[in-house]
Structures are given as structure tokens and as C-alpha cells.
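Taken from TrEMBL, the feature active site applies to 322, 381, 404. Annotation comment: TrEMBL describes 444, 446, 493, 498 as Ca(2+) binding site. Feature annotation from TrEMBL assigns domain 'Transglutaminase-like' to 314-407. According to TrEMBL, the region 'Disordered' annotation covers 1-33.
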């Protein structure tokens, strides 16, 4: 009988393995019980804890207007608890039952995190009262004594764990230790500190810190290289419960608490947990234009709804595409205090076999063979950069690091990417962890057009070395404009340094195919290009193909244009236009040919981002050589107009209207509108059954703004026939 009870006992204990004496400590949420009285031995009769010094109250100075949150730049967090940044002084006040006597009384502070606190893991931190504080090291000193109270300055370590700590005050008596009872009101959040020189995320420019840590709205650049579009995104890192949701992500990823002071580890696990592949993470991706049982990626206006839904349901939120993954990742990083920015790479290579070239195979007619062509060019791809030192790499590779939460390829068996040093990518040092070769290929691949002859030999018709990674951008500091950062990633096209960086990357194992087994003899005396007329969604437009015959020969070119409806990832949904014609090319002259595209040809099959892609191939009949080129274009999508009525004062009701006119030659069904603005209003949604053609919709919303200052309202409209319709408005909220 005794044996069975024994096994039941064992079941209750957390499972241990032979390797560790303490179970893994990877949840910030779980707690252990801390004894209020810890006795040293036998307690003599007549011992009364009340005779000794004991704590009556603790003041945390945790209001937004008080000293701690002001000095630590945490006054915007919508949280009643104390939030401080590591490596920087903060103040608390302890009220005792009588005046504190340093000669005889002894007390200390204890900060605990997680279920199994241990001093050597940094999860149990006892702090003795001292006269001197060392910068960047844990310590506490009394700055002021008055009546029964002491005012203390506490310094946290600049490398300590980032998360939510529990605070206890312990008092020494000859017979045992007396502790304060568990009080959630004294919980203290400790975050990364870009203002502290000893912190791994230290950033020395105040304007940049305001942008990359404290700005809670940003801009996503999308569209394509020839037609850059932008929209606002609400990061909302200070909104209610977002900090707890971000800490929960690290629990979900089972990151050891002792590793949570290291921004490299945090970024690596977060890039996996932001997507739902292989770990049930935050967002499920969907690129197929059907978003049943979920929200279309284009409908989201910010990260808050996504993070809060995940925090409460613990199930992946549907659906995301690259800018949504990047938007949520940016919120996570800024919320924890890691400087971060969202970056867009135009014409981004998704190179399936990492050989630094994207292979487009043409059939004998010069059309792209979709069965053989596996690589794709994304019109744009968004990822994030996080700022940190890289003590794990040689000197010089700290600073901006690429991290990417979009599930594209696996890294060490999971869908994640980064952190990869931008500096290492630029110089071709792709041997340094993590995932540098993949990012290098995204910005540096060549496009190779090849055709298989009847006898089986492969002929390369064209190599395009400049199409990929033409432009890499992010939002400018302190404004809504675009800042180009292409040269952070690569040297000038065709320069000696660029050649050298490529050779370095190849030396470090980036595969680059040689051209031995293929023939490459392009037609050099004729240039071909084409231009797509800018057009509004729902209208006709034309594509103009131009030839420049630089030779003294007379040529005829059999020209073929293929228009495709594509996902922004460059994957084709279907071909909506096929047009071929014969072009006569006079010697030493240029000629242009127009092809008209009617709205009826593309409207029915259009996808989310109104993205079209054109291939033009031309065979010079006299030489048998082929010219090939491709371009994406994005149609102009109508916008939402946002207006405010009356005065805009914090704490007073105001009115916001959103207006939209249907531009299509058909009725829009089941339309959803969203509106949000951090500090002004929580996300609001409204459904409309139908908007007839040319009809105008007006939606009025009442709200009470919380925060004074310049705020942004962001709206989106979404239905099956029309997506990516946005509007925004800057609003100056006055102080009451």
C-alpha cells in the first residue's frame, strides 16, 4: 500500500531529469511561495515578531507623473505598476512601524522572478543596503530618513533579466527572517534601457531613441519599386495589457528566464513565436486570397488587437502577411525597450535553393514555364531591424540586426530568421550567425532567364544583376517620410567593393552557380524595355514596349506580352492577358508599341494588393536570340477620408467621421471598416452590407481621447472585391 501512495506523491512533483536539480524556469507568470517567517532554530517563548522592525507600507512612486516613470521614459505605459529600465536608479519609500535604527536594525530587499528563483541564475536577487552604488550593478542606498520612513535609491544591473519581478522586504531578527507578504501592487517590471551606456541595446542619439523605442505609430512602405505606397500602422506598445502579452510570448517560446537579459536570444526566439508555424505562435500566415474564419491581412490597422487576442485565446490569430508579422514584431521589440524599425526591401528574392540566383525558365515560345520556375520575386518584403551589440561576433558587427518573423524558410529546424548583422551582410561575411546567407540572397540575387533547346542544351538568354534589392527603405526619424537605407545593405551596384563582398560571401559558402554547363551569348545590339501607365483600379491603361536597335541591321522581333495577376510575393494566380505581335526594327533607331489593357480583362480576378505583373519576351528572328524583361505594377486604390468635428481635447468627447466612395463599376458586398488611434480610441469596427457603385458611405464615431499631443487616426476598409483601402489623419489633442 505504501508504494502506491509514494508514486502518487511523485506524480505531483514537477518532472525532473537526471541532468538538472531544478526544473527549467521558463515562465515569468508562475510563482513560488515565499515564507513570511524563516526561523533559524527553536523559537524561545515570548518571541513576538511585532517587537521587531516590520514593514507597514511600501510606496513605489509608480504614477505616470511621478519621478520613476518620468526618468525612465515609461510614463506612456498604460499600467498601474512600476515600470523601470535596467541599469538606472529608481526610488521607493518604506514605512516601518517605528523609526529605523541602522546600528541595530537590519533589512534587505529581495527581487524574485519565476517559479524556481536562484541567485546564480539572476532569478533571485537579494540587495543589501549600502552607502555606495556602483553603476550598472544591483544595489540600494538610503537617501532620506524621516519619522518611521526611509527613502531609498535602487540601482538595477544593466544586464539583468527583463520581465516582471516580485518584491519582498526581509528583516533580520536573532531568531529568524521576517518578510513582507506577497503584494502584487509592488511588482516591478524591468525593461531594456537604450539610455544606459552599459546596456547591450544602448543607442546614443535621443531623436533615434524617441523614434525607435517611444513612437507608437509607424509607416509601412508597400506597393512596388515603380510605385511606392505607404500606410500607417499602430504599434501601440504602451496600450493596456500589451506589456504582459509581450512577456507571455517569451513564456510561450519557453525561453529560460536566465536568458531574458540577452537581446540576441530574445530576438531569435521571438522571430519563431511571431508566426504560428511549428510552435502555435501569434499569427497564422495566409497568401492565397481566401481568409475564411479570420481577418484579411490587409484589414488590420495595428498590432494591439492581434496581441491581445493571442494573449487571451492562446491560439494563432488569423491572418498575417509580411507587414503584419513585422508590425507585431516591432511592437514586441519596442515594448521591451529594444530599439526597432520596420524595413521594406523592394524586389525581394525568395531563393528556394539559396544559390544566389533566381531561375526563370522559358519554353520554346518564349513564355515563362510555370512548372519549372520555383523561385519568386516578392514586389516587396518587410522585416525588422533591432539595435544591439553582438558580443558573440567579432568587433564591428553590432548595431542594426535583421530579424524576420515571416515564415519563409526554416532555420535550425524552425521557421525563424535572425538576428543577422546588417554590416556582415553588406561586406559578405555571411559566416556569422544567424541566417545571414538567406538575407544576403534576398537583397543580392541575380535573375537568370534560360531556355532549353530541342537538343537538351540550356541556353541562358539574359542575366539581370540589378533587379533584386533595388531599394531598401524605412520610415525617417521624427517624420512620416521615407529614408533609403539600401547602402547599409550593399555597396554601389557594379563597384569594386560590391564585387569583393560577393566573392567574400561565396568564399563563406553562399552557393553561386558557374556558367560552364550552359551557353550564354546574349543579343547585345538591341535593347528592349517597357513602361506601364499609372492607372486607377477599374480603369483601362496601356503598356508601352520600346526597342532600340543599335546595329546597322534591319531586324524583325516576334514579341510576346503576358499579363498576370500576382500575389505580392510574385507568385502567379492566373494569366489575364496574352498578346503577341511582330515588331519591325529599323537600323540605328528606336520604336515604341502600345498594348491596351482593359479593366474588364483584370477586374474579376484581382487579388488583395491590386498587383499585376508583366513579362515581355521578344525573339529576334534573324539571329534566333531572345530578349526578356519583367515588371510589376500596382493599381491606384482609392483612399478613406477621415475628419474630426469640434474641439479635440484630452478627456472630452470628440467626433470622428470616415468617408468612402465606391469607385468600381459594381456593388461592394459585406464591407468591414476599422478605425483606431493609440491614445485616442480603441479599435472600432463597423459592417456594411452593401455599397452600390459610385455611392458614398459615411461612418461617425464618438470617442474620448486620453493622451494630449500629436496622435494619429488610422482606418481601413475591407471586402472581397476591394482590399488595402486605407486612410489616416494626424490630430493634435489639446491639454484639458
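From the backbone N, Cα and C atoms, a Cβ is placed for every residue, glycine too.
Summarised as a single figure, the pLDDT of the domain 'Transglutaminase-like' (314-407) averages 91. Residue 493 (Ca(2+) binding site): 11 other CB atoms within 10 A of its CB, across all protein chains. Of all the active-site residues in the list 322, 381, 404, the shortest Cα-Cα distance to residue 446 (Ca(2+) binding site) is found for 381. Each of 465, 466, 468, 469, 490, 494, 502 belongs to the same chain as 444, 446, 493, 498, is absent from that list, and has a C-beta within 8 angstroms of the C-beta centroid marking the Ca(2+) site. Residue pair residue 322 (active site) / residue 444 (Ca(2+) binding site) shows a Cα separation of 19 Å. Residue 498 (Ca(2+) binding site) sits 24 Å from residue 404 (active site), taking the C-alpha atoms as the reference points. Within 10 Å of the C-beta of residue 444 (Ca(2+) binding site) there are 22 other C-beta atoms, taking all protein chains into account.
In this view, residue 498 (Ca(2+) binding site) is surrounded by 17 other Cβ atoms within 10 Å of its Cβ, with every protein chain counted. Spatially close to residue 404 (active site) yet at least six residues away along the chain are 271, 325, 326, 383, 384, 416, 417, 418, 439, judged by Cβ distances under 8 angstroms. Within the same chain, the residues at least 6 positions away from residue 381 (active site) whose Cβ sits under 8 Å from its Cβ are 322, 344, 345, 348, 350, 406, 442, listed in sequence order.
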